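Student: After the C-alpha cells below, expect a handful of questions from me.
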Amino acid sequence: MSAIVDIFAREILDSRGNPTVECDVLLESGVMGRAAVPSGASTGQKEALELRDGDKSRYSGKGVLKAVEHVNNQIAQALIGIDANEQSYIDQIMIELDGTENKGNLGANATLAVSMAVARAAAEDSGLPLYRYLGGAGPMSLPVPMMNVINGGEHANNSLNIQEFMIMPVGAKSFREALRCGAEIFHALKKLCDSKGFPTTVGDEGGFAPNLNSHKEALQLMVEATEAAGYKAGEDVLFALDCASSEFYKDGKYHLEAEGRSYTNAEFAEYLESLVNEFPIISIEDGMDENDWEGWKLLTEKLGGKVQLVGDDLFVTNPKILAEGIEKGVANALLVKVNQIGTLSETLKAVDLAKRNRYASVMSHRSGETEDSTIADLAVATNCMQIKTGSLSRSDRMAKYNQLLRIEEELAEAADYPGKAAFYQLGK
C-alpha cells in the first residue's frame, strides 16, 4: 500500500518572490506527501546545481519549468511503483538517472523536491510524524536556535560584510523558553534601532539591516538589546556569526568595507579572534573563503578549541568534501543545507559522518525559503542539537520555529533542550 502511484511537481514562489519547485508524491494507500525546495543567495561553488530555465522573458530567467518537467517525466517514470519506504534506493535511482556529480542534468531542486516529498508520504503512510519516521524511536533533542537578528552581506543593503549576526539562547530550559528569549531580544533590538534612528526594515532572513559603521557596533547593539530584554550576554545568550567570507574574498585578501581595510588570511583570523575576545561569540560560520584551506587551518588552530567553526560554503553538505576537511583538520562543525546536495539520503550521510568524527552539525534554512518545515523535523530526527532558520519575523522562518514548538509538545517529558551542551565538540 506504500507504493508510489503518482509524482507531480509545480512551480511555486519562495520568500523572495522567485520560482522554486514543489512536489506531491501520492501513494497507493491514498496518502500524499508534499515538499518545497529552498534557494540560497550566497552559494558555495561546489553546491549541487539549482536548475533555472534561463528564459529572460519569465521571472528574469529564474523560472524552474525545466526542473518541474524533469520531475513529471524522467523521475516519475523511474519511481512509480517503488515502495516509498525505500528512501535510500529512491534517492540512488535519481542520482544514477542524473548521472553527474552535481545533479547537473535533472537539477538538485528537482531531486530534492521528490526526495523530501517521498519521505513525507512514507511518514504519513506509517502513521508517524516525520521526525520519528526519519529518526527512529530513541531519545531526541530539540535544537538550540541560531537567530539571525542583524543582517549584512548578500542578505541586506548595508555596509556590513559579515552576513549574519545571531543570538543563541543557551541558558533556556526548553525550546519554548529559548524562542521566547529570542523574540524578546528581537523586539528590544527593534526599539533600540528606533531610538538610534536606524531603519527597522528587515533583510531576507528577517533580521534588521541597519547601516552601521563597523561590525563591532552590530555586536554591541546585540549586547544592549540582550540586556534590555532582561538577559545576560555570555550567560543566558551567546552570539554566532556567519561571515560568508567567500563573498568579500578577492585577490587573496578579505576586504571589509565597514572597517575600511583588507586582511590576509592570518590577519583576518586575528581580527575574528579579537571579536571573540571582546564579545560572547561561540560560533563562526565560513570564517574563511571556501577555497582558502590554508586560512581555514590557521583559523582552526587559533580558535577551534573554544569556538565552533562551521563549514558551509566549505563543505556544501557533501560527504566527500567533509571527509577531506576532517582529514585536514579544518573547522569543527558542518552546516547542513538539504539543497546543497540534493537528496535526503546524502544529507543524512553527511550528518552521520560529522557525528562519527566529533564534528557538530547545524541544520539550516536558505535565504529563499517557503512554508515547508521539513528542516525542523530533520533537526530533531538527526539530534544535531542546533538549527539556523532566521529571525523572529517572516512567516517562512516562523513555520520552522512553530513546527519545533509542536514537536516539543508531542515529545513532552522526553524532549531535551541541550543548551551549551550543543557544543559538545568543544567540551562545553
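Here the Cβ of each residue, glycine as well, is placed from N, Cα and C on the backbone.
OK, Swiss-Prot features for this one:
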{"type": "ACT_SITE", "residues": "Glu205", "note": "active site, proton donor"}
{"type": "ACT_SITE", "residues": "Lys337", "note": "active site, proton acceptor"}
{"type": "BINDING", "residues": "Gln163, Lys337, Arg366, Ser367, Lys388", "note": "(2R)-2-phosphoglycerate binding site"}
{"type": "BINDING", "residues": "Asp242, Glu285, Asp312", "note": "Mg(2+) binding site"}
Student: For the residue listed as 'active site, proton donor', identify the closest of the binding-site residues Gln163, Glu285, Arg366, Lys388, judging by Cα separation.
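Tutor: Nearest in space to the residue listed as 'active site, proton donor', counting only the binding-site residues, is Arg366.
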Student: Sequence gap of 6 or more, C-beta under 8 Å: which same-chain residues meet both conditions with respect to Arg366 ((2R)-2-phosphoglycerate binding site)?
Tutor: Pro38, Ser39, Gly40, Ala41, Lys337, Asn339
Student: Which has the fewest other CB atoms in a 10 Å radius around its CB: Lys337, Lys388, the listed recorded positions?
Tutor: Lys337
Student: Let me know how many other Cβ atoms fall within 10 Å of the Cβ of Ser367 ((2R)-2-phosphoglycerate binding site).
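Tutor: There are 25 of them.
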Student: If you measure every Cα to Cα distance among Gln163, Lys337, Arg366, Ser367, Lys388, the residues said to bind (2R)-2-phosphoglycerate, what is the biggest one in Å?
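Tutor: Maximum Cα-Cα distance: 17 Å.
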Student: I want to verify one value. Collapsing DSSP to three states, which class is Glu285 (Mg(2+) binding site)?
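Tutor: Glu285 (Mg(2+) binding site) sits in a strand per DSSP.
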Student: Expressed to the nearest Å, what is the distance separating Asp312 (Mg(2+) binding site) and Lys388 ((2R)-2-phosphoglycerate binding site) at their Cα atoms?
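Tutor: Pair distance, Cα basis, whole Å: 12 Å.
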Student: What does DSSP assign Ser367 ((2R)-2-phosphoglycerate binding site), in three states?
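Tutor: In the DSSP reduction, Ser367 ((2R)-2-phosphoglycerate binding site) maps to coil.
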